[in-house]
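Visitor: Dropping a structure here in structure tokens format, bear with me for questions.
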Amino acid sequence: MAMAAITNPQLSFNLFNCSVTGREASISRQTASRIRYRFSSSRWLSLNSSSATNRRYSFDSFKSRCSIVNTDVHLNHVAVEDEDISTVDIGCCTTPIVQLKSDVLEAESLSMLTGDTYVDSLLTTLPVLTEEEQKTLAATPAHPEGLYAFYASCLAGNLVEQLWNFAWPSAIALLHPSLLPVAVMGFLTKLVIIIGGPLVGKLMDHSPRVPSYIFLNVVQASAQLLSAAMIIHAHTVSPASTSSILLRPWFAVLVLAGAIERLSGVALGVAMERDWVVLLAGINRPIALAQANAVLNRIDLLCEIAGTSLFGILLSKYDPVTCLKLAASLMVWSLPIMISLTWLTNKLSTGVLDRAKCCQASRRTSDEGPLPDAQNFVNTGLEAIKHGWREYVQQPVLPASLAYVLLYFNVVLTPGSLMTAFLTQRGLNPSVIGGFSGLCAFMGVAATFLSASLVRRIGILKAGAVGLTFQASLLTIAVAVYQSGTLSQRSPLLLFLCLIVLSRLGHMSYDIVGAQILQTGIPSSKANLIGTTEISVASLAESLMLGVVILANDVSHFGFLAMLSVLSVVGAAWMFCRWLLNPTEEQRSLFSFDPQL
């Protein structure tokens, strides 16, 4: 142990616990040496103002809360001579004392403080951005080239997915005039998402982004091809009753393939919307992130317009088997394009999507358990489900997420599989049904521009409330039109469909705004886990509603199902507005930029 004492007429330092490697030390006048002193939390630095009375080296004046850690001290023009090193006995040990002459410190103090050092130049040359420059930076994506490649990849994948989402219920509805096969398939698919969603989310949070994304694309395309093969087989055999269809082997394979396809699609959607786009646009660039979210929604909705319209036109001109074969060909051709664009995205973004193994380990917590293998797969799956639901209910924006979940009870008054089957069984031309779905998607595209304007004018939270209220109002009127009993005529039916189309403007506005609310309130390290768990909760809500549809599968019960759907939308609007009117302190801190708070 060594002690260095630096004295001058005005100031005295006692530095304890400094290691001295040799008795002789010299620092050149031409070259400044770098000396690092490290003091742990249990070692102290004592400063005394009088030089005469405090040379007793007493330990009484030590302060327990004063510490210096990893402090770099630069000394210039200091000389230490052999004869200035002496020792003093303290207790049972001898401690060397280095005496630094006061005239050296006096001569060099000014040069140490007023020199043109690196720190001084760093502080004086630090740029200060103007407000205009800050806005420009916030609107500039972190990786614009990678973001454009990512858009192209989403375009290729979403086109096939949206076409298939319209193709399979239309083809199944042509097998038998009942909602039961579509409802059963949807119900079982949602159960798989409820159970498998958190597990897939955990696996994605602990896996490299690019390989796992490509693997899920391959799985989804394979499941789509298998589903198309099963439906083609069903159309080539003789027609059967509804109950016998549910017991056929091809239907069991179709349900399994459909569940795998949807689970892969959900995982890919969460990865794109909650993880990839945040990294490519920049989490600290809110305007760029909002614009990227809007572009992703436009791509998805434009693909829905193109996919539904294309298959609707094909179905009106050709038989279902030919249309399904064309859809399968599109799936096969699009897969290598998506894979190539995914690799290009990572390359153009300078590898920002690569996830190091050390980062994966640091993000795991003790309660997450080990990664799944062949032996503990089931236990890990159950633990992942419990952990995902626990994280979901603890998120700070839970009411906004629950409002989003309530919208999933609306399985009837929305351009989905049940609405497609309902309109098909009412005898509408497939091109008209495709046009209805396309117009609903077009309203979503308009909502991307409307929501941006609403956010600028009234803030992100009020924009969400406006979207939900608008949707609930129009769907209430649509149900009133249906309950009037005049849908057998053409004009009331078109009015009913038009009200549903306009309601999509409010639905998609909240969908866009809600996505940014969740991106703001959920940490990126838990984005996949909480995102897939949210989809699982939404799937649970949808499966409950599909269970009601299974019990009331006759088309004559459509009015009752529509009433339940509109009540869920009204409940979502009430829950969100109640949360908005009673903000918590955490909500205020998360959305401090919002004028509502």
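Cβ atoms here come from the backbone N, Cα and C positions, even for glycine.
From TrEMBL, here are the annotated features:
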- 179-201: transmembrane segment (TRANSMEM)
- 213-235: transmembrane segment (TRANSMEM)
- 247-271: transmembrane segment (TRANSMEM)
- 402-423: transmembrane segment (TRANSMEM)
- 435-454: transmembrane segment (TRANSMEM)
- 460-481: transmembrane segment (TRANSMEM)
- 493-510: transmembrane segment (TRANSMEM)
- 530-551: transmembrane segment (TRANSMEM)
- 558-581: transmembrane segment (TRANSMEM)
Visitor: Kindly say whether the transmembrane segment (460-481) and the transmembrane segment (402-423) touch, using the definition of 3 or more Cβ pairs under 8 Å where each pair is 6 or more positions apart.
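Guide: Result for the transmembrane segment (460-481) with the transmembrane segment (402-423) is yes.
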Visitor: Would you kindly check 213-235, 493-510, 530-551, 558-581 and say which stretch has the most C-beta pairs under 8 angstroms to the transmembrane segment (402-423)?
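Guide: Per the Cβ count, the answer is 558-581.
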Visitor: Need a quick answer: max count of Cβ pairs under 8 Å to the transmembrane segment (247-271), which of 179-201, 435-454, 493-510 is it?
Guide: 179-201
Visitor: Could you tell me what the rest of the chain brings near the transmembrane segment (179-201), counting residues at least six beyond its ends with Cβ under 8 Å?
Guide: 169, 172-173, 242, 245-246, 251, 254-255, 258-260, 262-263, 266-267, 270, 372, 380-381, 384-385, 387-389, 411, 417-418, 421-422, 425, 528-533, 535-537, 539-540, 542-543, 546-547, 549-550, 553-555
Visitor: Quickly jot the same-chain residues contacting the transmembrane segment (530-551) by Cβ under 8 Å, restricted to those at least six beyond its ends, or write none.
Guide: 179-180, 183-184, 186-187, 190-191, 193-195, 197-198, 200-201, 204, 266-267, 269-270, 273-274, 388-389, 391-392, 395, 401, 404-406, 408-412, 418, 518, 522, 561, 564-565, 568
